[in-house]
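Chemist: First, the structure itself, so that you have it in front of you.
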Amino acid sequence: MHSKDQISHDEYQKTADWLMSQTKHRPQVAIICGSGLGMLADTLKCQDSFAYSDIPGFPQSTVQGHAGRLVFGELKGKTCVCMQGRFHMYEGHSLLKTTFPVRVFKLLGVETLIVTNAAGSLADGLQPGDIMIIKDHVNFPGLVGLNPLCGPNDDKFGPRFPAMSGCYDKNLRCQAMEIAKQLGVAGLMQEGVYAMVGGPNFETIAEARLLHRLGVDAVGMSTAPEVVVATHCGLRVFGLSLITNKVVKSYEDSV
Ligand SMILES: O=P(O)(O)O[C@@H]1C[C@H](O)[C@@H](CO)O1
């Protein structure tokens, strides 16, 4: 990593200070809305919203279906901040830029990060329209050193070698399943393992078979770097994948 790619603590703090000067909301929960899930932010009450282009230091979203707005407000009695649109490695952002908002959330006083994404299913039991509660992830870019924590460690955020076992909070996963049962939608939900690939191309059949054999249930191109950075700085994490497609695993099914 080049030193020009580094982001100083002051830069995160400046963005957090600017946001706190613009809104009275002090969120406990941050929600990153994946592709097609941005409408959740529209349901917040007493909204204050900011275009990413107006927020000092914030990266810009280039993906269709991502509005590029940070929305503060109340959701079921909790003060939240929602990202309508996230940053992906395949857009050309450095991993520190893709995860920039997570550290800003920490400085705003957020305690819990909810990550959502669109993902392709590799598991027989996960159909398009189902929701997977993420119980763990395989961070393929991270395994080969494409990790936002590479480079000098910022001790003010967390330790040099943070543990990632249990990074998806067990209590939150259990609560989500209980609530799904109460709402009568448990049949659409199950826990599973998400894998992040770099993208932007979708998987070859050989790659899909490899992921399946490795125990991956759903695959996408985001989320893992945000969760790594959130866990590093002590945020509690809950994650959901909205299954948008079945990944093609058979040469007979390919077009
Ligand atoms: O932000 P997310 O992860 O929902 O973005 C979607 C899913 C894949 O990462 C990528 C291609 O579909 O866009």
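Numbers here mean position along the shown chain, with the first residue as 1.
Cβ from N, Cα, C; glycine included.
Remember, TrEMBL labels are computer predictions, not curated facts.
In case it's useful when we look at the structure, here is the feature table from TrEMBL:
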type: BINDING; residues: Ser35, His66, Arg86, Phe87, His88, Ala118, Ser222; note: phosphate binding site
type: BINDING; residues: Glu203, Asn245; note: purine D-ribonucleoside binding site
type: DOMAIN; residues: 29-249; note: domain 'Nucleoside phosphorylase'
Chemist: Can you tell me which binding-site residues out of Ser35, Arg86, Phe87, His88, Ala118, Ser222 are within 10 A of Asn245 (purine D-ribonucleoside binding site) by Cα, answering none if there aren't any?
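Modeler: Qualifying among Ser35, Arg86, Phe87, His88, Ala118, Ser222: Ala118.
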Chemist: For the binding-site residues Ser35, Phe87, Glu203, which residues place their CB under 6 A from an atom of ligand 1?
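Modeler: What lies within reach of ligand 1, judged by Cβ under 6 Å, is Ser35.
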Chemist: What are the non-local neighbours of His88 (phosphate binding site), defined as same-chain residues 6+ apart in sequence with CB under 8 A from its CB?
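Modeler: The answer is Val63, Thr98, Gly199, Pro200, Met221, Ser222.
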Chemist: Express the distance between the Cα positions of Ser35 (phosphate binding site) and Glu203 (purine D-ribonucleoside binding site) as a whole number of Å.
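Modeler: With distance taken Cα to Cα, Glu203 (purine D-ribonucleoside binding site) is 18 Å from Ser35 (phosphate binding site).
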Chemist: In DSSP terms, helix, strand or coil for Ser222 (phosphate binding site)?
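Modeler: Reduced to three states, the DSSP call for Ser222 (phosphate binding site) is coil.
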Chemist: Of all the binding-site residues given, Ser35, Ser222, which residue's CB has the most CB neighbours within 10 A?
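Modeler: Checking each of Ser35, Ser222, the winner is Ser222.
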Chemist: Neighbour count first, Cβ atoms within 10 Å, every protein chain included; then name which of Arg86, Glu203 tops the list of binding-site residues.
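Modeler: Max Cβ neighbours within 10 Å, all protein chains included: Arg86.
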Chemist: At 10 angstroms around each C-beta, which of the binding-site residues Ala118, Asn245 has the fewest other C-beta atoms nearby?
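Modeler: Counting other Cβ atoms within 10 Å of each of the binding-site residues Ala118, Asn245 gives the minimum at Asn245.
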Chemist: Test of understanding: give the count of other CB atoms lying within 10 angstroms of the CB of Phe87 (phosphate binding site).
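Modeler: So the Cβ neighbour count for Phe87 (phosphate binding site) comes to 28.
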Chemist: Rounded to a whole angstrom, what is the C-alpha distance between Arg86 (phosphate binding site) and Glu203 (purine D-ribonucleoside binding site)?
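Modeler: Arg86 (phosphate binding site) to Glu203 (purine D-ribonucleoside binding site), Cα-Cα distance: 21 Å.
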Chemist: How many whole Å apart are the CA atoms of Phe87 (phosphate binding site) and Glu203 (purine D-ribonucleoside binding site)?
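Modeler: About 20 Å separate the Cα atoms of these two residues.
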Chemist: At the Cα level, what's the spacing in Å between Ala118 (phosphate binding site) and Glu203 (purine D-ribonucleoside binding site), rounded?
Modeler: 15
